[in-house]
Each structure stands twice: as structure tokens, then as C-alpha cells.
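Notes follow once the structure below has been shown.
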């Protein structure tokens, strides 16, 4: 028998590690080819630029590509890749060359073949050519439109067609291997595999070995489309690749753990060709050949790889070093099997079903025939809301999700495609495998074409005969799916035990022997049929299924058993308690007999032992056919019993402990109820606690130490800590009068009294002058207080002299400064200078949203010779403060900080040298362009001037609240895939606490609104507007802009940081989104300011009452309501007040994802970082007089729960970050604003692209 290429290459892989070549693009760049070089003679008159289209060089500059191939081969590469990464008609459409796809691949393969054969002849070592099939520039799993998560700009069939054309060219050019590489989206790779299988089935060419290489995009270990490495392997292993592995995105060191994972879950050989390290700030790769070779040699020595090479940034020098490094290393020995006896499925994550896997719940509610709610949503076209049905199933424990769109009123394939695409947009649903369920095979195919994971098909049968059965089975295998086979043949549905076994046995042999199905991918459904119908012939249906299950599992190795559970109890429709009990009893027995999985309503299955004993007996009698009257008895039971439920018994068992145990328990659990009486009981025990201070120093501080330890270990969360602090304050509050009385008695007796301090240290905290934001500072204060620090909180807008005086008065050990807005940074610098001048040499902590380690190290620390430390959040503050005050640790800690900050400073100054900026004049030439004359003209607002909104209805705002920032306040952050609201509730670590805090918030919100504790006021204004270069001029109503003076000007800042040379991205400025004065097109600009009043007063009242938790809660809710007010008002602006989107119909999710036209950027934020622009807003719209929202000297808004910004209506407007800018723009901006350069530099300090010191 003739040896195949697969045999030949596999023989080499068993002997040694093979070497793949390196980066093609990296080498092409070295030739510095011009547009003319790319065009060559043939394409000199082509209508589009071709520079950058590396693949065309195989036609226009074949000698260059040939030379690159030779260099890699001479460096030691066993395998070279064709220059065809983007040679599909899909990718080439960008260059207008899609018609050349076949030729491009054929020419590239010819060139590579020629080089390989020449070096084979020259060296006597056979070299191979791998045909590269890249990912294309489109994806099946990710929508290119944020607004339409179900939209795809490519189909599976289009990809198959494109990959077939590419593969034909490669095969005709003589490639030895087909390499599907840089897989960002596994669905695309599955289309490529489908195309190759099709070609080989059609005998287009003899089969070639297949190599598959995925791309893990970062340290999360996932592809761009969200799959883990193991899920990726599971999804593509049906193609039996000779090699599977990873390339691109990561350097070798970063790739190692993911290569290890790949090796553990495949019987294929493993290939690995990483980048030459990670890209630096200029996009270049810094890893030397020696470094890269060292890493890959480690891989080889540890038995991880069979093929190694290089991707981006690697060169023949890298490959030479790599080849030398691994030449004496033994190759990885692939295991004979992995996960033996397991069914392997995948969504974004792998799911293995093995001999010891518990019963698998296949969620049933995404079925238009089985769920009225789901059907109603799908029929109404409300797919996004229908996702909630899927989500609930997964949350309730469904490990696989059944999707069924079989309804005569639906276009089944279209509905299946759309819903599967929606699922792909939701990681918390897409993580589980899908079960594509339909009686119409066209619908099944439609579903399979959307799924990147390994699915289950439900179902096929022998109903239409063997030929139909085998045809469908082969297609399913080509998609890589597992299959459910119904016990149904040409004679009909099997109801008797022996017939069920017979039909399943016949199907098994057909699948395994004629189709080549892995037995582990076969699931039999022996038909769960309805019992309790009153018809005698139905009485044995449950027993027959159970007995058939046992025989099938015993006689057909590897298979699984499933069934649709709801069929069993269909006779008891509407009697949920009866149905759920029947399901629980049936499964209890069926699982014992071998049932592995079932289509169930996840979460509604009762535990067998929890079923009421009378109901349990009735269900047992019905299922096992023990009582002819079982159906009637069940119906009578249903009439006399409700659903019932277990009563939760509260226990106060902890109250039986000692006084110390009770105090500690109350503190840890945040229970206030008994704290005063327990504290008093301790106080009265004079023998144990002679003085009230002893109680604070003893049991109370011991309890708070436990709280601090649990918080530090991540076993308690911020809301719990704050509740503990509330209990502590109440206990201390009870003791204070007794301590003061004791102190007074001592003073009278002795004439003076020595102060005693039970605290670890004293810390003065303040939000700096001009800033009104203090939630973060307050939280830090509470956490420090819980850890035995005395906290002096000076509140907001605190002048420097007051901070320093308080530090002296209270003999502070540390000062902590907080700020949210950028001008606060300058105030912090000023405080540091004053501390140095006055020789107040105590540590200075810096925190707040606008602060950073870099700013602290570069701008603040050099002004002060004592420790200056940036503290990220409350959880870090305790560790920092403890080290700063520990006599044994503080000197070493400070020395470490000094060294760290010096490194940060040096890195910063080096980065300033490396940054490149376009001159402002050039940036303006590359501005964002809108063709104002051909675009629809801007809509005029319904009024010009301002409209004030008094006492706005807060209830209207509740639905617009974005809860994610609320949880951020409490430092509750879920981990993927449970980030954000409401997914955070599913997080194992913080979910429970998040739900508690959310419930507390709902309760407080209800009180705040119903009792009118807060008030919302705002203002909106519109004016005619025209852009003049980077500025926007506003005009009075009726004025002719070309002939009138503007009544106000908003000044813009333009991006200047140089973009990559290959980028065509414009350099944005907000003025780009307003029609220019010279265009003659009338345009408009809006502004708004909204606030929630009463928050500070309520917060202060709670604080005075010792209730820090409620104090912080009301501020967090005030901020959320203000943001919700801004969101709701913007919607009204779009639909009513400006009415440029009168027909907009968006849900809250759409608003959160910015799926609307127009933007509302705020001064002081990335699109216009200059806070002084607020002064123009306040003057123009008379905002303070209209609403009561005022500006502080640092231009923060007061009250703190306030939001303001500008309204832009253009459909092309978008948010962007100005980023760093250079001095020429600062000087230009200062001139336009009539400000000094120094003053502008002060306000724009954080975005200066140069150092002013």
C-alpha cells in the first residue's frame, strides 16, 4: 500500500520535532516595497491601492516571496507556509481582487513548492509546503454591528465557498499540508474544515494532512470569539487533524499554559508558533532569536510540542536559533486517547460527560412548541427578550440548551439562525453547548452553521429509511456534532421495550460502521411517552423506557440515553406540582437504570426525598403501574393540595454564647438588634471590664479584627464591612457617655487626666479643595476604622490649610487626599509642597478616580521628602497604613516605594521621548470628514433657548439606572462571565452579597421616592451652531451665521498622537460632528445639566446617626439617579425635544450599549478634557440660577450627584479620547481661548504630551 503524505509526515513527527517557518509579513516589510512594487506591471492601472496586500506579491513579485521562502528553508525550516493568509475572495474584496483568489493561491503554492524542492535537492532533507488558510476579515460568531447583535456580514455557506476556492488553488499548486491558522472564531474554522472535507469527498484531490492553529488573544485563555482552548479543540477535533495548536497574539512565554492545555485534550500532534514576544508601544517585537529559542526549547524539553516555528516579528534568524535549540529534543508523544469514555461537547467552554457525570440537564424552555412565553416572544420578533428565557435556564442549572423553532407560522431556518446568533452575543448563555432541535433537517443545518461549539443535533431517526438516515448522519458528522437518535423506524414509534432496543441497535451499527461515528457522540432517545392518560395501553410506557435504557447501555458501548421529560406528565397539564413530582420520581429511577441526560425545565425538578410522602407514593404507583386507580388518586390529590413549601426557621442560637462571642458575632454579621444591651452587659461586669475603654480594646476590637481579617482575605465584602462598622459605632456610642463621665471624675480627683489612645494610628482624610466627590474616601474611612485606625474625616472641598491644621491638632500619623476631577491633581501637588515647606513629615496617601501611580510618582512624590503613596482602593489602604506605621517595617517599605516610583518616573520620561505627534496643522488635514451636502440635513430642535425641568419624576428614572457603577462603589466585581448587572448575582464569590446590597438599594430607593426625600432638577438648551475649524460657534435664534457674531464658542481639542502608518483612522475633534460655517448647512448644538438634590443632607443625617452604610448608600443612589436622569432626558431629546430620532424604539439594554444616534460628551472627559468649557455652558444657559447646580473653584459640580454635557445629533458622531497633545496645540488653544499657556497647561495637565517641569 502506497505511503500517504500523512504517513510520511507522521513518521517524522514521531522521530523529532519539526520546524515551521516564521513571519512572512515581517520579512516583506524589510523589502520596503512601494505601491508600484505591489501593483507590478499587471495591476499598474488598478482602481484601488494595493500596498499592504502581501498576498498579491506571489503574482507581482514572486522572486521576493521565493527568496523569503529560501531564507527560512536554509535557516532550518522543515515546513514553509504559502503566502496566502488573506487569499480568499472574501478578504481580497477589500482590494477589488476577489476574482483572483484561485490564481493567487495557485501562484503562491507554486512559488513555495519551487523553493521547497530546490532546498530538498540541495540539502537532501525533504521539505514540505503548508497551504495557509487564514481567518478572513469577517466572523460568523461576532456581529460587526453593536446595534444588531444578531447581524452577520458573512454566512457559513459563503465561507465554505470561499475556502473551497482557496483550497483548490493550493491543492493544484501542490501543497503537502493544509494549515487553517490564526483562528479567532472557531465557526470560521469549522467552515474551512467543512470545505476541505467536501473537496476530499468529491475526490477533487487526494486528502492532505490538516493542521489547525487557534489564537488565544490574551491571558484570559480565550479566542477572540470567547472560546477556551479546550472548547476550541473539542469543536474542531471531528476533522482528525494531524496537528493542532496555537499561533499569534502571544509570545512564547505567555502562550505556554495554553499550549499545555491543548496538549492535555488532544490525541493529535501539537504545534506552536508564537510571536517574537509581545508588541511594544510601536507595534514592533522585541524578543531576540536567542530568547525565543530558549522559551521554545523549554517547551520541547518538557515534552509539550511536536512542531515549532514563529509568527509575527519572527525572522530566519529566529528560526535558525529555534531549529538549533530543539534539534536534539525528543518530540511530545501524543496519548492514545484523552477523556476516554466521555462525550465531549462545547460552547464557549468545554463540557465533558463521563461515566461519573451526574445527570445532565438539557434546558427545554427555548422551544416554541413547549413554552408559551418563549413562543410569544419569538412570534413577536422580540428575540433579545427571548434571550432571558435561555439565560434563566442556564442560571437554573441547564448544562446544555435545547433550541426549537418548529412552528408553522415561523420561517424555521431563519428563526433558528437569528436566535443562535443572539445567543452568541451573550457569553453567560453561549458558554454552554446547544442542542439544535427540529423535525426539519433544514432548520438543524441552519443552527449548526451558526455555532462555533460542538453541538448536539436533536434528532434523526430511521423513520424515512436507511438512506435518509445515513445522509443526515454524514452531514452531522461533517459539522462535528453529537446526535440524538429517536427509537423510531419505518414501522413507527417504538413503544415496547424489545422494539426500542432493536431500533436503537440497528441505528448504532449504521452510525458506527457506515458513517464512522464515535460511539461517544451517539445519544439514544428510547421515547418517554405519556402515562396517566386513562388508556390501559399507556400504563407501561414509563417502565418500558426504563428497562430499554438498561439494555441499550449494557449492549451498545459508549452511547448515552436521553429523553424529553415533559412528555411523561402531559396528561396532567396545568398541575405543576404533580408534574414536577412525577418528573422527580421518574428520573430517580431512570438514572439508576442508566439515563444520562434529559430535556427538562432546569431548576424545577424536586429532590426525590423532598417530595411529600403521599404524593411520592402516588407517583411511584403510577410510574411502576402498581395501582390501576393511580391517575384518579393523583387528580384527587391535586384538588386538595397546593404547591406548599418549606418554612424557613430562624434561629437565635448565637445568643446562647458568652458576651464576648455575642459581641463578635454581632460585629461580623452586622446585627444591630442586641448590640446595646450586650455592650451594657459587658460594661456592668466590672470585674472583667473595670473601665468602658477595656470593652473597646477587648471584645469590640477583637471582633473588628476578625472583620478586617475576613475582608483582607476576600471572605467578606465591603457592604458587610460597612454594616459591621455601623454596629461598632453603636456599641462605642453607648460607651462614650460613661467614658466621658469617668474622665471628668478623674480630672476632679487628680486635677488632670492622661489621654489614652486605643487606636493603631490616626489618619486625616479629606477631599481636596474644589472637589465635592467623597464616596470613595468615605469607604476608605470606614474600612480603616474597622481595622482600629482613628479616622478624622474632613469632608469635601477642604482647603490645604484646614487639612494641615487638622493633622497637627489631632497628631495625625497619616494624611489621605481624595479627588475625582482632574483639577484636584494640582491641589494635591500643592498640599504636598506645603507639607514639605512646613516640615510636616508624615506619610501622604493619594487616592480617587482621577489619580494614578504614574501621576503620583512623577508629579507629587518629588515635591515631598516623606512617603507619598498611591492607594488604589479601600482594600489596599489597610495594608499600606499598617506598614507605614509598623516600626519594624516602615523604613524598608518606604525604601521600596522610593525605588518603585523612581522606576516609574524614568519609564515616564523615556515614554515622552518615544511618543510622536502630528503637527496640529497636519492633524486638522486628517480630520473626520462628513459630506454635509449629500447627507440628510440636520433636524432643527422644537425650540431654541432653554427649558427647565423642575421636580422631575424620580420614578420615571428607575428603569434607566445603570447598576454596574453602583456595585463598583461597593467594590463588588464579578469575574467573567459574571461581570456587570444582573450577571453579578451569579458570581460565586460576590453574588450573594451583591444581591443583598441591591435589595437594600431597592428598599432605600422606594423610601426616597415615595417620601420625596430627593428632588431632581435639570435644564436643556439648543442653539444654532456651526463649526469653524476646531471650535463650535453658537448663534442667536434667527441670526444668519455667516453675517453674525456668535453668542458663545465651545473650543475643541484634536487628537494628535501619531497613529500607525497603515492606519487610515482620522484625528477626531468634537467640531467634526457639526456642519462647518462654510458649508451653508444649518446645524444645531444642545447642552444639559441635571442633578439630584438632597443627597448630602440625607447622607449627613445618616452619618450623624452612626449609619455609614446608609450614608454611602444614599450617595451611591444619588449618583445613579443623576446619571439615569441624564440618560432619560437624552432619550427625550432624541425623540421629542430635538426630535431627530422621533421613531426611536430602544430598550434599556440598547441605551446602555449606546445604540442610539448622537452623543452627549461632557467637559472634563476624554472627548474634551477641559473643565473650563463648563463656564461657557453655565453662562449660556444660566444653569446655576435655573437649577441650583453650581460650579466650585475647580469647576466640579455641586451637588456631587450631577451630570452635564453637550448634545450632538449627527448620526456619525461618536465618543473618542483626545489623548495626549503637543505644545503647538496648547499654544493654539490658549490663543483661541484668550488664556495664558501656563493656565491652559494647568487645566490640561493630564493630557500634556510633554513635561512642564
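Keep in mind that glycine also has a Cβ here, set from the backbone N, Cα and C atoms.
Summary of the site annotation: Swiss-Prot records S-adenosyl-L-methionine binding at 962, 1215, 1216. Screening the candidates 1011, 1015, 1017, 1160 against this entry identifies 1160 as the one listed for that site. Looking only at Cα atoms, residue 818 (methylcob(III)alamin binding site) sits nearest to 1252 among the recorded positions 458, 567, 579, 1252.
Secondary structure of the domain 'B12-binding' (760-895) per DSSP (helix as H, G, I; strand as E, B; remaining residues coil): 66 helix, 26 strand, 44 coil. All protein chains considered, the CB of residue 248 (Zn(2+) binding site) has 21 other CB atoms within 10 Å. The distance from the Cα of residue 1252 (phosphothreonine) to the Cα of residue 697 (methylcob(III)alamin binding site) comes to 50 Å. In this chain, the domain 'AdoMet activation' (911-1253) touches the domain 'Pterin-binding' (359-620); three or more CB pairs sit within less than 8 A of each other, excluding pairs fewer than 6 residues apart. When the binding-site residues 248, 311, 312, 771, 962 are ranked by how far their Cα is from the Cα of residue 567 ((6S)-5,6,7,8-tetrahydrofolate binding site), 962 comes first. Of the chain residues outside the Zn(2+) site list 248, 311, 312, 23, 182, 247, 249, 273, 274, 275, 310, 313, 314 have their Cβ within 8 Å of the site's Cβ mean position. The secondary structure of residue 579 ((6S)-5,6,7,8-tetrahydrofolate binding site), as reduced to three states from DSSP, is helical.
Remark: secondary structure over the domain 'B12-binding N-terminal' (650-747) totals 76 helix, 0 strand, 22 coil, with classes taken from DSSP. All protein chains considered, the CB of residue 771 (methylcob(III)alamin binding site) has 31 other CB atoms within 10 Å. You'll find the Cα of residue 312 (Zn(2+) binding site) roughly 41 Å from the Cα of residue 962 (S-adenosyl-L-methionine binding site).
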